[in-house]
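K.L.:
Quick paste of what Swiss-Prot says about this protein:
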REGION    1-26  region 'Disordered'
COMPBIAS  1-12  compositional bias 'Basic and acidic residues'
BINDING   Cys441, Cys447, Cys486, Cys490  [4Fe-4S] cluster binding site
BINDING   Cys490  siroheme binding site
Amino acid sequence: MDAKTQPDRSRDVSQPLDKLGPDETLKANSDYLRGTIKQSLADEITSAVTANDAKLMKFFGIYQQDDRDIRDERRRQKLEAAFSFMVRVRLPGGVCSPGQWLKLDELARNYAGDTLRLTTRQTFQFHRVMKHNLRSLIQGLRDILLDTRAACGDDTRGVMSTVNPDLSKLHAEVYALAKRASDHAVHRTGAYKEIWYEAEREQTDGPEEPFYGRTYMPRKFKIGFAIPPSNDIDVYGQDLGFIAIAHRGKLKGFNVAIGGGLGRTDQSPKTYPRLASVIGYIDADKLFPTIDAVMSVQRDYGDRLDRLHARFKYTIDEKGIDWIKAETERRLGFALKPEQPYTFTSNGDPLGWVKGEDGREHCALFIQNGRVINTPDHPMMDGLRAIAQVHKGMFRVTPNQNLIIADIASRDRPEIEALMKEYGLDQFETRSGLRLNSMACVALPTCGLAMAESERYLPDLLTKIEAILNTYGLTDDPITIRMTGCPNGCARPYIAEIGLTGRAPGKYNLYLGGGFHGERLNKMYLENVGEPAILEALDKTLGHYARDRKPGEHFGDFAIRAGYVVEVKEGRFFND
């Protein structure tokens with residue numbers, strides 16, 4: 001679309017509510033997300049909330065779920081589904097203190113089945129929280145200055161930032177901006193305090209939501225900050241990504257990338273993953289006006305009729321990248337500068353010990369699929385609690401579901417190392433390169449969207465793939481593999497070298513050819529297949545890779561060069 005052409009506005013916020021989707025009416029009539037949530041929480045007859053309140057509660061980081069392992073049995077017994085709630089914390093950049101960790105641990109043991117989950121967007125999730133415990137959990141988070149606002153819903157979600165801030169002054173500066181961006185973009189409604197803290201409603205002089213208005217964003221909107229050479233946050237998967245540009249170790253500004261998004265629907269070919277497009281560069285002091293300008297374009301022009309078509313990536317591909325850039329610049333009042341050079345060389349976490357420029361040390365631990373839990377042979381949750389009781393630095397959740405024990409003085413390292421060994425937290429030293437670069441979403445039994453297993457299945461599948469790797473001498477080679485229980489892509493499977501997305505119980509789509517640094521989408525290799533076909537395909541392709549790869553060539557690059565899949569140049573061609 002030509003930048004001067006006025007785009008079609010038949011599906012955006014300019015239209016009357018009755019011309020748009022039902023979710024828009026729900027938001028508009030919710031009294032800024034209040035709905036009837038208080039009444040739903042007070043209803044002791046059911047362990048659930050109403051369908052409309054469940055949608056509104058997403059804006060407060062809460063998903064209503066049920067235990068699908070026993071859903072059919074409860075239905076046969078004519079019982080209500082075993083409802084519970086997932087609660088996600090707002091934690092920009094993934095940073096928390098030992099005191100906060102200890103409180104999170106306590107809340108998980110009291111209200112969430114003795115487990116805590118680290119997410120792919122650098123935060124914590126509590127699962128299996130009962131309705132009557134929601135307020136207690138959220139008020140417990142308030143005690144440690146945390147909340148769950150905008151962790152889900154049609155808003156900014158969690159703001160990501162490359163870890164580890166204390167490895168350099170640049171990291172610290174960018175993390176501080178990411179934290180400010182989260183506070184800057186979070187919704188302003190007083191509903192959160194009224195519902196969860198049981199506060200009185202406060203009168204406001206101006207609009208309750210001066211930026212979002214009554215209908216908020218068309219869909220989720222994700223923001224992330226990357227610091228080259230690390231692309232650990234998968235900046236190209238963000239709706240709005242900022243790539244830090246430094247000069248002599250100091251932050252100069254950011255390249256601006258827009259339109260990333262990895263969700264799709266198998267039955268809808270109009271949906272596809274898309275990598276963000278870099279549209280220019282801004283000086284650091286232009287960051288917050290740029291956030292407002294880009295978000296406001298999506299707020300005003302995003303599709304509010306069809307939620308499958310409502311993400312920013314579709315707005316960009318429909319209106320045209322040139323028009324979107326021009327409209328952003330019009331709202332900014334200045335033109336973006338040309339993109340600055342940068343290079344990404346890694347996407348995963350450097351596990352183990354690293355010393356920062358200030359002399360402090362940091363240890364990145366492998367947390368398989370982000371699940372912090374005690375098992376008979378691995379008391380991980382107890383071990384991390386023991387470390388938090390003596391640690392004087394910070395904890396940092398990584399975008400790969402791992403955990404960094406950060407800011408350790410050299411004199412304190414032996415004590416931390418001893419606890420790691422005592423509780424088996426140093427096992428990353430004996431794991432395969434594939435397992436250390438693996439991720440899985442939660443999926444069954446709690447996620448209502450899952451079509452197949454993910455977190456509960458991937459570790460066993462990896463053991464079988466590791467036998468193949470061992471055969472070909474590839475055990476230590478870093479290869480990214482990501483699995484999700486549905487096509488929505490929470491674990492970012494479409495930019496993995498090996499991606500698996502659930503289609504039905506025991507059945508998955510197999511994707512190959514993603515970029516090791518997160519710079520390229522993969523492509524479907526096999527559709528709707530079970531474990532035998534997956535292992536056979538990986539035996540063939542990995543064996544070929546071991547024999548014929550070029551020096552330094554990653555598996556995803558080889559899969560394309562060898563002709564197993566074609567390179568996906570743009571997201572809209574993903575389904576071709």
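Even glycines carry a Cβ here, placed using N, Cα and C.
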K.L.:
Let me spell it out: for each of the binding-site residues (Cys441, Cys447, Cys486, Cys490), count the other Cβ atoms within 10 Å of that residue's Cβ, using every protein chain shown. Which one has the most?
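P.N.:
Compared across Cys441, Cys447, Cys486, Cys490, the most Cβ atoms within 10 Å surround Cys441.
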K.L.:
Which residue counts does DSSP yield for the region 'Disordered' (1-26) in the helix, strand and coil classes, in that order?
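P.N.:
In the region 'Disordered' (1-26), the DSSP-based counts are 8 helix, 0 strand, 18 coil.
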K.L.:
Would you list, in sequence order, the residues of this chain other than Cys441, Cys447, Cys486, Cys490 that have their CB within 8 A of the centroid of the site's CB atoms, where the site is the one recorded for [4Fe-4S] cluster?
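P.N.:
Output for this site, in sequence order: Val442, Ala443, Leu449, Ala450, Ser454, Thr484, Gly485, Asn488, Ala491.
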